[in-house]
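A.B. asks: Pulled from TrEMBL, these are the listed features:
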BINDING   Cys24  Zn(2+) binding site
DISULFID  Cys24-Cys91  disulfide bond
DISULFID  Cys26-Cys118  disulfide bond
DISULFID  Cys36-Cys143  disulfide bond
DISULFID  Cys145-Cys192  disulfide bond
DISULFID  Cys150-Cys155  disulfide bond
DISULFID  Cys163-Cys184  disulfide bond
DOMAIN    24-143  domain 'NTR'
SIGNAL    1-23  signal peptide
Amino acid sequence: MTPWLGLAVLLGCWSLGHWGAEACTCSPSHPQDAFCNSDIVIRAKVVGKKLVKEGPFGTLVYTIKQMKMYRGFSKMPHVQYIHTEASESLCGLKLEVNKYQYLLTGRVYEGKMYTGLCNFVERWDQLTLSQRKGLNYRYHLGCNCKIKSCYYLPCFVTSKNECLWTDMLSNFGYPGYQSKHYACIRQKGGYCSWYRGWAPPDKSISNATDP
């Protein structure tokens with residue numbers, strides 16, 4: 001496997017058909033899962049971009065101004081550039097320059113940060129207050145929990161470390177109500193449950209804040 005194809009697998013994207021007739025396909029992911037499974041999570045503003053000749057259709061390299069890092073201090077304490085495929089069919093990401101601040105998640109590969117359509121990327125002003133609080137401290141509390149997707153009824157949790165994610169039943173995945181307002185956090189007795197609140201979770205209460 002070539003390094004470039006290996007990177008495509010690493011980013012969690014896959015393509016259908018032959019080049020020229022491909023489509024980027026991504027599995028839905030709760031923001032907490034995206035946070036916990038990413039090497040880098042930052043808030044940043046894009047200040048420039050250029051196309052370089054890497055990969056089959058080139059690579060877009062965005063120059064960013066990093067505002068805050070939420071995850072990834074040990075891998076890359078300061079990010080100046082992010083890389084993505086130039087082609088949207090290969091999960092390339094299109095970002096506005098000098099316009100918005102973004103929440104960006106991605107992987108580190110050979111000392112560079114890569115992101116794409118299968119990563120969690122959102123304008124900062126579109127995030128809910130609960131999502132912002134999740135980035136600051138709640139999501140990392142739940143990285144040992146498992147968010148289990150429910151695509152059709154009936155569906156059940158099968159272990160005490162699971163939270164049942166039901167956004168797909170009505171919202172076809174992100175951005176449903178659980179994605180916008182809840183974090184899956186370990187509670188009393190080692191059980192994981194959905195949490196929403198203005199203060200850190202009360203460890204003496206179990207399952208009291210399920211949606």
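For all residues, glycine too, the Cβ spot is worked out from N, Cα and C.
Because TrEMBL annotations are produced automatically, they should be read as predictions rather than curated entries.
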A.B. asks: CA-CA, which of the disulfide-bonded residues Cys91, Cys118, Cys155 lies nearest Cys36 (disulfide bond)?
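C.D. replies: Considering only the listed disulfide-bonded residues, the nearest one is Cys118.
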A.B. asks: Looking only at the domain 'NTR' (24-143), what is the model's average confidence as pLDDT?
C.D. replies: 94
A.B. asks: Taking every protein chain shown into account, which of the disulfide-bonded residues Cys26, Cys150, Cys184 has the largest tally of Cβ atoms within 10 Å of its Cβ?
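C.D. replies: Neighbour-count leader: Cys184.
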A.B. asks: If you measure from the C-alpha of Cys192 (disulfide bond), which of the recorded positions Cys24, Cys26, Cys91, Cys150 fall inside 10 Å?
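C.D. replies: For Cys192 (disulfide bond), the recorded positions whose Cα atoms are within 10 Å come to none.
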A.B. asks: I need the most crowded of these disulfide-bonded residues: Cys36, Cys118, Cys145, Cys163, Cys192. Count other C-beta atoms within 10 angstroms of each C-beta and give me the top one.
C.D. replies: Cys163
A.B. asks: Roughly how many Å separate the Cα of Cys155 (disulfide bond) from that of Cys163 (disulfide bond), to the nearest whole number?
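C.D. replies: Taking the Cα atoms only, Cys155 (disulfide bond) lies 11 Å from Cys163 (disulfide bond).
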A.B. asks: Of the recorded positions listed here (Cys24, Cys26, Cys91, Cys118), which is spatially closest to Cys150 (disulfide bond) when Cα positions are compared?
C.D. replies: Cys26
A.B. asks: Could you say which of the recorded positions Cys24, Cys91, Cys143, Cys155 has its Cβ with the most other Cβ atoms inside 10 Å?
C.D. replies: Cys91
A.B. asks: What subset of the disulfide-bonded residues Cys91, Cys163, Cys184 lies within 10 angstroms of Cys26 (disulfide bond) at the C-alpha level?
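C.D. replies: Checking each Cα against Cys26 (disulfide bond), the hits are Cys91.
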A.B. asks: Of the recorded positions Cys24, Cys91, Cys163, which sits closest to Cys143 (disulfide bond) by Cα distance?
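C.D. replies: Closest candidate to Cys143 (disulfide bond), judged by Cα separation, is Cys163.
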A.B. asks: Would you mind sorting out which of Cys145, Cys163, Cys184 (the disulfide-bonded residues) have a C-alpha within 10 A of the one on Cys118 (disulfide bond)?
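C.D. replies: Neighbours among disulfide-bonded residues: none.
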A.B. asks: Rounded to the nearest Å, what's the C-alpha distance separating the residue listed as 'Zn(2+) binding site' and Cys163 (disulfide bond)? Just drop the number here, would you?
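C.D. replies: It is 28 Å, counting Cα to Cα.
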